Amino acid sequence: MVVLCVYPPDVAMISPQDPVLRIGSSLTASCSLSPDLGLHASTLFWTLNGLRLSSSSYSVVSSSVLSVTLHRLNGSQQQSGDNLVCHGADGHVLAGSCLYVGMPPEKPVNLTCLSRNTKDLRCRWSVGGLGETHIRTKYILKYKLRWHGKEKECEDYGSGEQRYSCYIPHNIALFTPYEIWVEATNQLGSATSDITTLDILDVVTTDPPANVQVSRVGDLDDQLTVRWSSPPELKDVLFQAKYQIRYRLEDSADWKVVDDVGNLTSCRLAGLQPGTVYFVQVRCNPVGIFGSRKAGIWSNWSHPTAASTPSSERQPSSSCDAKPGEQNSTLRRELKQFFGWIRKHAYGCSGMSIKLYDQWRVWLQKSHKARNQGPCIFWQLDFPF
C-alpha cells in the first residue's frame, strides 16, 4: 500500500520537509506550531510509520517547537517514503514529512537482448550491487547504431518480475551493430551500465516448437514417434531451423539428447524400454538467417509431453514357438541387419570403428525412409560394439 504524505496546512510544519538521506545517516527534524493553536511543544509526540518514537529522542526547542533526532536510519520501508508525523497530545495529526532513505544505484549488469523475428528486440538486465536502493529508482534503456544514428530510448518497460526489461517492437536495422546500455537514476545519484555491442543476427531466437505430440509406432514396444510444429517466427523470416529432442524416463532426472534431428519436424525414437513412460521435449535454433552462416540462439525447451511404449507381450513357450534367435524383436532384427552389413563392409577386427557404425546408421535411415517409416530414427543403444 502506498501512503501519500499529505497533512493539514497552516496548523504546524515539519522541517526539513521530505528529505532524501543515505542509509545509516542521522536526522534532526523540528515540528513548529502555529501560534493560533494555543498548544505547548512539550505536549506533542512523534511517530514514524505509525510507531510512537521514544520521548528520549525529543528536544523542546521552544514553547512552539519540538524536535526529534533519529540515528542510523534504515532504508525506507516503501518507495513512496516513510511517514514522520507530529501529533498533538490527543493524537491528532498536526504535520508530517516523508523520509526517503536509501542508496544511490550501482551500475546495472548482465544486459542481454534477444530478437524473435529480426525486427524486434527485448532486453533484460539486473540491478547492480546489493540490488535494493529502497527509494524509487528509474531505469532507462538507450540504444543507437554504432557508427551513426541518434540516441534513442526504449519505451515499453516490463512490470512486476519483468520490470528490469524493455521491448523495442520495430524499426530495428539489420547488418549493422547497435550499442545498448542502461542508465539508473534516483534522488541520491546515477549509474550507467557497460555498453553492450551486438548485431541483431547474432541474437535471433524463437519460441519453443508448438504442438509437440508423442505417439506409439503401432505395436512396436521399443519406439515412439515425436512430431511438432515450427515456431511461427519461421514463417515470416528468411531462415530455417534445426531442432533438438531430449527425453527421459518417468522416474529419472537424466535427459538423453538427440542432436541430429536437422530441420525435420518429426523423429522416431527407437531402442526404448517396453511398457515405460517417457517425457519428451523439443527446442529450436534458427540457422541460415538471411544467408548468414551464424547460428542463432536455442529457444527454451517445449513443455514436457508424456507417452508410454507398449508392454512387451511374450507368448507361453510351446513346440511351435519360433527359436529365440528368430523372435520378432525389432532390436534383434536391426542388430542382425547391422552385423550382416558389417560382414560386407568390414574386413577383420581392424575394420570395426564408430565411423563404420555411423555409416550403417545412415544406410539404415535411408532404408527406413524408403519404406515410409518416418524421416528421423534415433536408436538408444546401451552397449558397445
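Each residue, glycine too, has its Cβ placed from N, Cα and C.
Over in TrEMBL, the protein carries these features:
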| type | residues | note |
| --- | --- | --- |
| COMPBIAS | 308-319 | compositional bias 'Low complexity' |
| DOMAIN | 9-86 | domain 'Ig-like' |
| DOMAIN | 107-203 | domain 'Fibronectin type-III' |
| DOMAIN | 208-312 | domain 'Fibronectin type-III' |
| REGION | 304-328 | region 'Disordered' |
- Task: Pull the DSSP breakdown for the domain 'Fibronectin type-III' (107-203) and write it out as helix, strand, coil residue counts.
- Result: 6 helix, 45 strand, 46 coil
- Query: For the domain 'Fibronectin type-III' (107-203), what is the mean per-residue pLDDT, to the nearest integer?
  - Reply: 89
